[in-house]
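The following features are taken from TrEMBL:
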| type | residues | note |
| --- | --- | --- |
| DOMAIN | A:4-197 | domain 'Glutamine amidotransferase' |
| ACT_SITE | A:CYS81 | active site, nucleophile |
| ACT_SITE | A:HIS182 | active site |
| ACT_SITE | A:GLU184 | active site |
Amino acid sequence: MIAIIDYGAGNLNSIQKALEFIGLETEILASAHKQEVEKYSGLVLPGVGSFPGAAERLKQDGFIEFIADFVATGKAFLGICLGMQLLFEWGYEELKTQGLGLLPGEVVKIESEYKIPHMGWNELEIINDDPLFKGLPARAHFYFVHSYQLKDVSDDVLAVVDYGTKIPAVVRKNNVIGLQFHPEKSGDNGIKLLENFGELL
Amino acid sequence: MHKKRIIPCLDIKDGRVVKGVNFVDLIDAGDPVESARKYNDLGADELVFLDITATKEKRKTLAELVEKVAAQVFIPLTVGGGIRTVEDMQLILRSGADKVSVNSAAVKNPELVKEGAQAFGSQCIVGAVDADKRDSGDGWEIFINGGSKETGIDLIEWVKDLEELGAGEILLTSINADGTKDGYDIEMLKAVTEAVNIPVIASGGAGKIKDFIDVFEETGADAALAASIFHFGEIAIKDVKKELEKAGIPVRIEE
């Protein structure tokens, strides 16, 4: 059973439907109960909304500790879009806000000659191969909608995309995984990647 | 690299895909869920559903249709037709759409765009616009109610307003070009893409592969939409993309 964290932001249906499409059981989690860490084999933090708003809701709803406890068990934790951005130490959307701090790094506004938000399909450039990428075609594209990005291509970054500037697209440190794009909107590649995530559970 | 998008549009009437010529003479073209799945397999970058008969009673039917499509097809879906309130937007987005498009309702009540953008984010709100040349030949004006009613409102002023109100994208249909297969309305698209900074989807007039190359080479359009030529298999999306790539236009092609 995979828990999808509901913190009042975003459309959870899409990610839930995509996970169910590949045969995984899901449950939407609206509040955190410590004992439930045991119950789930995987945890997903989706995200549409703003960094400060989401961070505040996670704190209010008791998810900060829940996530820390979950990650400590070694089970897979996946952050998507804003959910990936929240994995890092600091966000600079609207105001400087503390993130979950599971990975080192800062989230800043995209600086590019192209239009912001970065919205549409972009081609993944893999810099560190990983079982997550198993079975993807050459020139795999994924669907992005975001205005902020992880600032630096840190050691945890597995893949980037080029948008006039390098944007970290996939990060992973052990059981903590982040995707800047929306796998649930990236057609067959997104489904493949979620299946690979499913293999980690 | 930023990719130009190719978007099939599925006009929906009574749960079927249809496409009119100059907005009349509707032809039955297929089942929406099957069409959506087929287009996903053929390399469509996004899908647009426009319910051209949406009435209050039918909106629930539309929501159910969106839900069915969204459970099987995992690419971005834009849904429009008869969306008049923030509650309508919420129903359609909850059903699995990623964006909603508003046309006549936004003209009658511009606050709808603002409220929608505040509630769901600009990336969810598409300003759909039907426009035609003024009789005087001086610029363009917008039309509402499926292209049947002229408003006197200037196209360029209106798309700027839409951007200001919080629309994340413009879906621009040239009434004059729509259904003709004589190519996109380059002049109109040029004017609009120069006037706004948000992505513009070109609509109306696609008839051959060259039309897609022209619209991306000659205007700032980010995406090109077409319906009948894709539905009836006259042109394959992958052939369009191959030729675009050959012409040096970045598109999503996978190997």
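Backbone N, Cα and C atoms are what each Cβ position is placed from, and that goes for glycine too.
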Would you identify the secondary structure of A:HIS182 (active site) according to DSSP, in three states?
coil
Cα-Cα, whole number of Å: A:HIS182 (active site) versus A:CYS81 (active site, nucleophile)?
6
Output, ordered by sequence, the same-chain residues six or more apart from A:GLU184 (active site) with a CB under 8 Å from its CB, or 'none'.
A:SER14, A:ILE15, A:LYS17, A:ALA18, A:LEU19, A:ILE80, A:GLY190, A:LEU194
For A:CYS81 (active site, nucleophile), the number of other Cβ atoms found within 10 Å of its own Cβ:
26
Three states by DSSP: which one describes A:CYS81 (active site, nucleophile)?
coil
